[in-house]
Every structure is written in structure tokens, then in C-alpha cells.
Amino acid sequence: MFAAQYIGNKSFNVVEGHAIAPQAGEVRLDVGYVGICGTDMHIYHGVMDQRVSIPQTIGHEISGVVAQIGEGVEGFTVGEKVVVRPLDWCGECPTCEAGLTHICQNLKFMGIDTPGAFQSSWTVKARTLHKLPAGVDLKQGALVEPLSVACHDVRRSRLKAGEKAVILGGGPIGQLVAAVAKSVGAEVLVSEPNDSRREFADELGVKSVNPMDTDLAAYVDQWTGTKGADVVFEVSGVLPAIQSMTQIAGRRGRIVMVAIHSTAPPIDLFQFFWKELELLGARVYEAADFDWAIELIASGQIDLKPFISSVSPLADIGSAFANMDGNPQGMKALVECNAEQ
């Protein structure tokens, strides 16, 4: 088997090794495709070197095929297509005992804190697996993880049909949030300065606006008939969006924090009092979000094919990262880890 190891300084080594036989409760996968995530790009830029052990095999947006099953594992057979929910929770802390394993107090994120998926063979705990139905191929399967992020965001927002949602930021996650929001019957507006990303939103069938040349608050006021947005998703991670989110939310609107802000941004707390706003955090996903994401793909409600910008072999992972780094128009780059599949 081969694995791509991040070695720092925007560099990878592809090394040959041995597949790890599954222990009790584990399954070994032949990895199909792995998506390059925004978090992977942060690692690539060295932002997370203090957290990520170097060298490390990163990657967590993965589809694959069951190759070997460990003792005690039930419900899976060799040859089945699966995806991995890349969270390793302790099961013992108060948060896990409350059923919130995705925000476990001792959570390890696979592909960041522990070895990840940019390898041809990956052995994981069976509890992290979700099956793919026959109609969902491995390329689409590699996007189940980011789609699950969007499903969790929308589920946290309590968004319903007929409501109006504004998404601040039209990157891959923002566009997936737009797609999920549209699937529940909401009217959707994506605020994004990048021309190609606004075009992508338009092709998804949602509205878009450039906040750099349009007064966003005035635009939303007109779009909603002065009511304001029912839900605002902050997906950009930039300060202007933080300033806008409280302005454009309507009375008793819900604001969902999706982006990670590295420094504490100033927030207009007066608007929370004046409008009775809600601020909701949304971190990763739960099992139900993976199930929902798979159903959205299998039912045809969301087509993920337009999100795939490129596919590269594992041997060319360095070029795949470099190309994504220089392509702000790109959505999702996939790395193919077993070309024969």
C-alpha cells in the first residue's frame, strides 16, 4: 500500500508501507477517493503544525470499499462501498454520555489528530462507517463528509420551507449549505465577492450578490420586504461578514456560526437584544447528518458532480494541493487512492 505523508512546508512524500490488519471492532478499507478540504489546506500552509504530528497522513473526506473485517464487526461485508465519519470520541465524558459524541471533550479528528485517508488502505473503527447505496459512486461518496457539515448547519438552524436564508461566503461549504437549504424549500441568497463562485451559486438555482459593490443590508431588506433574513449562515470567516450578520438578520432571526475565526471578532451584541436574535454554533456533524447527506445524493435532490473540480492520482498529491492553492474558483479536488477501482 502507499500513503501520502505531509512533511511540512507545503510538501508531501508518498511512501510504501504495509496495510494494517483490522483489530476487533475495526474494518480495513481500500480507499477510493479523498477530497481536499479547507482544513487540509490550512495544514498545507503550516497553520496547524503545532497540532499535526509531522510526518502525518492527513485527509478525512473519504469514500472506499470494505476490504477486511475485524472480529466482532457486524453489518458490513467485503466489497461494500462506505464513507467514514472521521471522529474518534471517547464515549466516557459527560458530553458523550449525553449523546453528543461529535463534540466529545476528548475528541480526536481523524486525519488531523490521528492518521488519515490519503493512503490506499486505511483501517478504522467500524462505528465510523456509513454505507453508500448502489446509485452513489465513490466520487460522490468522497463529498458526503462536507455535505454532512452542511446538513448539520441547516439542521441546527431549524430552517424550514418558505423561510429566507442568507449565506455569507460562497466557498465549497457555503455552496453546499445553499444546496441543502434549497432542498428543504427555503429561499436562498449567497453573498460572495468572487465572480465564479457567484456564477456557481446561480447554477445551483439560488440567488447571489456581490457584497463588495452592493449594500448587502439594503439588498436583503428589499429581498425580504423589510423583514430581514430568517436565518444567516456565517461561512466566510472574515470580519465584514461578522459585521453584516446582525444587520441582515430579521427579528428573532437565527445566526449559525459555521466558519472558524482564529481571533475573537467584535460582535454587535445590541442587535441580539433589540431583535431577540439567536446565535448557534455548528461544529462538524452527527451520524444523522451523514444519513441525511447520503439520502440527498441517492434521491437526486442534490447533484454533487458539479462540485468536483479535478481528480488526481495519489502520486500527484503535491500538485493537487498546489493547484487548489492557486485556484480560488475551484470547489473540490479529489485524490484517487486506488486507480483500479
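Along the chain as shown, residues are numbered 1 onward.
Keep in mind that glycine also has a Cβ here, set from the backbone N, Cα and C atoms.
Quick look at what Swiss-Prot annotates:
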| type | residues | note |
| --- | --- | --- |
| ACT_SITE | THR39 | active site, charge relay system |
| ACT_SITE | HIS42 | active site, charge relay system |
| BINDING | CYS37, HIS60, GLU61 | Zn(2+) 1 binding site |
| BINDING | CYS90, CYS93, CYS96, CYS104 | Zn(2+) 2 binding site |
*Go through CYS90, CYS96, CYS104, the listed binding-site residues, and name the one with the sparsest Cβ surroundings, counting other Cβ atoms within 10 Å.*
CYS90
*Just name the winner among HIS42, HIS60 (the recorded positions) by count of other CB atoms within 10 A of its CB.*
HIS60
*asked:* With every protein chain in view, what's the tally of Cβ atoms within 10 Å of the Cβ of CYS93 (Zn(2+) 2 binding site), excluding that atom itself?
replied: 16
*What number of additional C-beta atoms lies within 10 angstroms of the C-beta atom of CYS37 (Zn(2+) 1 binding site)?*
22
*List, in sequence order, the residues of the same chain other than CYS90, CYS93, CYS96, CYS104 whose Cβ lies within 8 Å of the centroid of the Cβ atoms of the recorded Zn(2+) 2 site.*
TRP89, GLY91, GLU92, PRO94, THR95, GLU97, THR101, GLN105, ASN106, LEU107
*Report the member of THR39, GLU61 (the recorded positions) whose C-beta atom has the most other C-beta atoms within 10 angstroms.*
GLU61
_When DSSP is mapped onto helix/strand/coil, what comes out for THR39 (active site, charge relay system)?_
helix
_Cβ-based neighbourhood (8 Å from the centroid) of the Zn(2+) 1 site, residues CYS37, HIS60, GLU61 excluded_ = VAL34, GLY35, ILE36, THR39, ASP40, GLY59, ILE62, PRO86, GLY111, GLY116, ALA117, GLU145, PRO146
